[in-house]
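Read through the structure below, which is laid out as structure tokens, and then see the notes.
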Amino acid sequence: MANIKLKNYQSYAKINLFLHILNKRDDGYHNLQTWFTFLDLKDHISFRFNNSNKIEITSNIQIASKEDNLIYKAVKEFQEAYNIESIGVDIDIIKNIPMGAGLGGGSSNAATTLIALRDYYLPELSNEQMIPLATKLGADVPIFVYGRSAWAEGIGDVLYSKDFEQQYVVLVKPNIHISTKEFFESENLVKTKNMLPRDLSFDTSVMHNDFENVFFAKYPEFKSQLDEIDQDFRMTGTGSCFYLLSKDLNKLQQLARKVDKSLDKWVVKTLNYAY
């Protein structure tokens, strides 16, 4: 066990460059294909290990109760999976990644927690060895444990390293949301029938987000807002964040100034590693 009692980590956001829903599995999950890359938008998490045998979580925002908190669940799953007799840790998180945005904030925090616990208790474990445990916490948690841009299949847990050429990103987030359950039950969801080859370059003509039609069918006025700025916005995950990619930072900064003041916005850049 390491002697360092306090460790600080950065917990990064992700976007889905595309998201194709293929079919429903016997376990209730859906097989998918997606390409993940990261953003330099991040939360900051500190872990102070102690002998209290208590897990305390604080934040700069209101957070879920322990039973509903992915960070807490990550600690308990790690403790059970690796037979750690007792864990005492004070966890403080400074949230910058918006919640309910499709940016993976909660999943990223859970993955960062697994990595911090690994570093302290079992430093011999590799990130890849923790992916089955990460999958138990949610379909987006494995990519953050994996820690680099990747093509994903299965439920998001079968990962193949695949870099994405760095670009700038403008993110736009409306104060609206659709539940995952509603997405899958919508008559507007058209699933992708054919799998794409993993060596495919980024191609917006064949890569899309199957959930976009559902979102725009429910909120057509938001689509109109986006189209007035630029018609190439794409949704990440199940939203509600939309993003626009460009190698031209000045262009994106100018477009960001056109975004309605009622919408949250960020200008960031993509990253191939979440370290």
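Keep in mind that glycine also has a Cβ here, set from the backbone N, Cα and C atoms.
Going by Swiss-Prot, these are the annotated features:
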| type | residues | note |
| --- | --- | --- |
| ACT_SITE | Lys14 | active site |
| ACT_SITE | Asp140 | active site |
| BINDING | Pro98, Met99, Gly100, Ala101, Gly102, Leu103, Gly104, Gly105, Gly106, Ser107, Ser108 | ATP binding site |
Residue with minimal Cβ packing [other Cβ atoms within 10 Å] among the binding-site residues Pro98, Gly104, Gly106: Pro98
Alpha-carbon distance [Lys14 (active site); Gly106 (ATP binding site)] in Å: 11
Cβ contacts of Asp140 (active site) (under 8 Å, same chain, 6 or more positions away): Lys14, Gly104, Ser107, Gly156, Gly237
Distant-in-sequence Cβ neighbours of Gly102 (ATP binding site), under 8 Å, six or more positions away: Ile15, Asn16, Met235, Thr236, Gly237, Thr238, Gly239, Ser240, Cys241
Packing count at Gly100 (ATP binding site) (other Cβ atoms within 10 Å of its Cβ): 18
Cβ neighbours within the same chain of Ser108 (ATP binding site) - under 8 Å, at least six residues apart: Ser11, Tyr12, Ala13, Lys14, Asp43, Ile97, Phe144, Ala274
